[in-house]
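J.: Grabbed the feature section from Swiss-Prot, which reads as follows:
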- Gly15, Ser16, Gly17, Lys18, Gly19, Thr20, Arg144, Ile153, Tyr154, Ala212: ATP binding site (BINDING)
- Ser36, Arg41, Lys62, Leu63, Leu64, Gly103, Phe104, Pro105, Arg106, Gln110, Arg173, Arg184: AMP binding site (BINDING)
- Cys147, Cys150, Cys163, Cys166: Zn(2+) binding site (BINDING)
- 35-64: region 'NMP' (REGION)
- 143-176: region 'LID' (REGION)
Amino acid sequence: MDRSPLFLIIMGAPGSGKGTQSKLLASQLSLLHISSGDLLRGAVSKDTPLSQEIKSYLDQGKLLPDTLVWKLVHEKLDEFQQDTLLRRLSFLSRSENSAILDGFPRTVTQAKLLHEFLSSYFPNYKVILLDISDEEVLNRLTSRYICPACQGIYNEQQGFSSCPKCSVELIRRSDDTLEVILDRIQTYKQETQPVLDYYTEKQKLITIDANAPTQQVFQSILDSLSASLVYQERDCCNCDCDDED
């Protein structure tokens with residue numbers, strides 16, 4: 001029986017629902033949600049050699065090198081992996097040793113670095129692609145509102161003027177304009193297709209239709225992960241289910 005923990009990577013175009021689905025999966029499956037965006041924002045607020053190196057690039061308006069982004073993500077993954085080993089020695093369930101990574105990798109170089117790490121500790125990891133049309137991306141992002149306090153995302157159809165969770169007035173992101181969105185879509189396609197090709201070759205990719213409503217997309221992901229979840233349930237019961245005829 002394969003007892004390796006569940007590790008998921010979630011990818012998709014801007015507006016595909018990566019953050020929303022990551023949070024739903026983290027809650028439903030007891031996964032640690034690792035967001036590269038959160039890691040970057042956290043690093044910038046600190047005073048460490050790594051954060052200073054990151055700030056030097058950002059202050060100059062330069063893109064962070066693959067190796068530097070990997071340092072940031074690897075630091076968190078290494079911490080998680082060490083904690084996972086301790087939890088597994090305590091015979092905790094698989095779900096308590098599992099995680100979902102959002103916002104990384106963005107390049108083939110990053111994907112290769114990540115694959116090398118995961119192959120050693122989480123060999124059965126999967127990559128979830130939220131596949132969404134350009135039209136749906138435009139529809140979602142041009143009608144999107146953000147809570148500046150909790151980062152909750154809402155749309156015009158919901159009719160909220162303030163966040164229902166923390167009562168803060170909702171705002172529009174400055175980059176949610178048609179011109180910027182079209183540019184982001186094009187950049188995403190150029191950068192991401194080689195990464196998707198890489199994961200397809202590695203037989204890691206699970207493609208989900210993300211044009212559907214949130215809960216329908218979520219259920220599609222769960223259905224696609226059913227084999228992994230069956231392993232999880234069997235690990236938890238510690239029985240000899242495989243010995244049955």
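Placement of Cβ uses the backbone N, Cα and C atoms for every residue, glycine included.
What you see is a predicted model, and the numbers here were worked out from it, not measured in a lab.
Are these features on the surface or tucked inside, and what touches them?
T.: When secondary structure is read from DSSP and collapsed to three states, Gly19 (ATP binding site) falls in the helix class. In this view, Gly19 (ATP binding site) is surrounded by 19 other Cβ atoms within 10 Å of its Cβ, with every protein chain counted.
In the three-state DSSP assignment, the secondary structure recorded for Leu64 (AMP binding site) is coil.
Reduced to three states, the DSSP call for Cys163 (Zn(2+) binding site) is coil.
Distant neighbours of the region 'LID' (143-176): 15, 19-20, 184; these residues of the same chain sit at least 6 beyond its ends, with a Cβ under 8 Å from one of its Cβ atoms.
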J.: Specify the nearest of the binding-site residues Gly19, Cys147, Tyr154 to Arg106 (AMP binding site), where nearness means the distance between Cα atoms.
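T.: When the Cα distances are compared, Gly19 comes out closest.
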J.: Binding-site residues Ser36, Cys147, Cys166, Arg173: which have a Cα within 10 Å of Gly19 (ATP binding site)?
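T.: Candidates kept after distance check: none.
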J.: Write down the Cα-Cα distance for Cys150 (Zn(2+) binding site) and Gly17 (ATP binding site), rounded and given in Å.
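T.: About 16 Å separate the Cα atoms of these two residues.
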